[in-house]
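Engineer: Following this message is one structure expressed as structure tokens.
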Number of protein chains: 2
Amino acid sequence: MAASSEYPAMTTKPRYLTGDKAGLQEFLDKFDVFLFDCDGVLWSGDHLFPGTVETLELLRNNGKQVVFVTNNSTKSRADYKKKLGTLGIPSSTEEIFSSSYSSSIYISRILNLPENKRKVFVVGETGIEQELKSENVPFIGGTDPAFLRDVKPEDYKRIAAGDPSILDPEVGVVLVGLDFHLNYLKLALAYHYIRRGAVFLATNIDSTLPNSGTLFPGAGSMSAPLIMMLGQEPVSLGKPNQAMMDAIEGKFQFDRSRACMVGDRANTDIRFGLEGKLGGTLAVLTGVSTKEDFVAGPIKPLAYLDKLSDLLEVQS
Amino acid sequence: MAASSEYPAMTTKPRYLTGDKAGLQEFLDKFDVFLFDCDGVLWSGDHLFPGTVETLELLRNNGKQVVFVTNNSTKSRADYKKKLGTLGIPSSTEEIFSSSYSSSIYISRILNLPENKRKVFVVGETGIEQELKSENVPFIGGTDPAFLRDVKPEDYKRIAAGDPSILDPEVGVVLVGLDFHLNYLKLALAYHYIRRGAVFLATNIDSTLPNSGTLFPGAGSMSAPLIMMLGQEPVSLGKPNQAMMDAIEGKFQFDRSRACMVGDRANTDIRFGLEGKLGGTLAVLTGVSTKEDFVAGPIKPLAYLDKLSDLLEVQS
């Protein structure tokens, strides 16, 4: 990757701010908006990191806009607000930006679909359905139990013939997210819709999903069979894809030079902020990437902290 | 692909034998064994090509060994013999070589598994199970209805902890074939078995499965999520992988220089014969690849025919 030529900032060694009170204050003063990756930054699994609530409070009290940016498509913004609440983090739905929401915005406001091709075939869970509803986008598939069945011999013939009773002619988009109920029928239908001209979208392409301290199949793994069959990649609406950044900017109308992306992963979070040409990127060492990744790797944040709550040192 | 340097024969224009009685006789005299790809050569879908039965009879009457080589892992050899019979093609189980059978042979006779790691976790259908049984290989998964369920919250913790009630410690192989009942649980278990050291095998890696004149998800599409998650390819036991050729040779003990692969696909069938250093490869134009593919493409057969039954012209 010719990263250093694309991002001049990435050739500079990131600044270590833990314990540097003046440096922290200077850093905070540069930004009006903080975009937060969540898992690995604010919490890990079900474990809230100490000081998370106080740090968010500090930022809000200093007039900073806080945005929670998540690739998790199984939850709607309302679901996510509930999850934050359960962990003890106060938030408003307006502060939450999920890949299910960015996908819905992309479909409703950016894709220019013909009148008779506005329906979405969903491979995914209720979070996607709720957000499509919030944007008045019609859809089929998803959690509809009619799709939770085996493929029958006659299905092959009906699909091959383009029978409208099994291939809805109004479908113009296939949107693939994490689906705990993925099956052969859904894969076959998604494949044929795309072959027949539907736009191939993915809420995100993370191959794995962290849970209980290990990894499980992620949304990218649901797209993988289709990518292999079609020889075509989906447009991803999650980090680090800039379609998500454009959607966030479209909603919050912020000045990118006064915004900072905070995350634990170099190749998704920090890359997302760098490619989005935000004024800053801040890494924390409580998640996936290590200090070595950030200091010696090809994708360097502007600054890094041992942990997010080190920001509280500005008050000391 | 630097194909021409690897296969000197491939730089030569393939010989067109339809209507060339003397050429046909000369070609037939060169070989004792004919390995047949089936769909696209002997039949298409449920449609038997005219002359198929007579052509096979001609070969057998002239003392040639006939072998049916199929990547279809959902059927056992016994199932496949039944299918051939239904289409009107007489055969014996001994003449049939399926990817489920080659996988079973590979596991039982070639992989040197430790005594306590001999169990196979199967992602696939009954054909694989029957062939594993025929080689006395213990297995779990497959068509067992216990695996046809949703992932439950406690499953994540049990899998993360390596709980032997969900991750059988004796599993040393994950074998992935076409599975019409693929689900999230099976993918999660397969992933964790491989991460814990199990050998990653695929019966075959065809991304699609022809049916009713179009394509559906193939065995390769079942491996795709695991490949993406693991960053690792499986060893494939189907065409064009030479593990299958080695298994065929191990069984039939033939002289490769006196064997000919017959097929309709340049990049699987013909490649399989060329990489196996067989004495000959014969292409037919009744399937996927076109005359141009064979004459101008990088993978050239020794000879080609409009259709298999053109071989009958030697009798005219």
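Cβ coordinates are placed from backbone N, Cα and C, and glycine is handled just like the others.
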Engineer: The Mg(2+) site in TrEMBL includes B:Asp37, B:Asp39. Which of B:Asp255, B:Asp264, B:Asp293, B:Asp306 is also listed there?
Structural biologist: B:Asp264
Engineer: In sequence order, what residues of the same chain, 6+ apart, have a Cβ less than 8 Å from the Cβ of B:Asp264 (Mg(2+) binding site)?
Structural biologist: B:Asp37, B:Gly40, B:Val41, B:Ala283, B:Val284, B:Leu285, B:Thr286, B:Gly287, B:Val288, B:Ser289
Engineer: What residues, ordered by sequence, lie under 8 A Cβ-to-Cβ from B:Lys239 (substrate binding site) and sit at least six positions away in the same chain?
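Structural biologist: Those within reach of B:Lys239 (substrate binding site), by Cβ under 8 Å and sequence separation of 6 or more, are B:Asp37, B:Val69, B:Asn71, B:Ser99, B:Asn204, B:Thr268, B:Asp269, B:Phe272.
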Engineer: Have a look at the binding-site residues (B:Asp37, B:Asp39) and report the one with the fewest Cβ neighbours inside 10 Å.
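Structural biologist: Ranked by other Cβ atoms within 10 Å, the binding-site residues B:Asp37, B:Asp39 bottom out at B:Asp39.
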Engineer: Other residues with Cβ within 8 Å of the Cβ centroid of B:Asp37, B:Asp39, B:Asp264 at the Mg(2+) site?
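Structural biologist: Neighbours within 8 Å of the Cβ centroid, excluding B:Asp37, B:Asp39, B:Asp264: B:Cys38, B:Gly40, B:Val41, B:Leu42, B:Gly263, B:Arg265, B:Asp269, B:Gly287, B:Val288.
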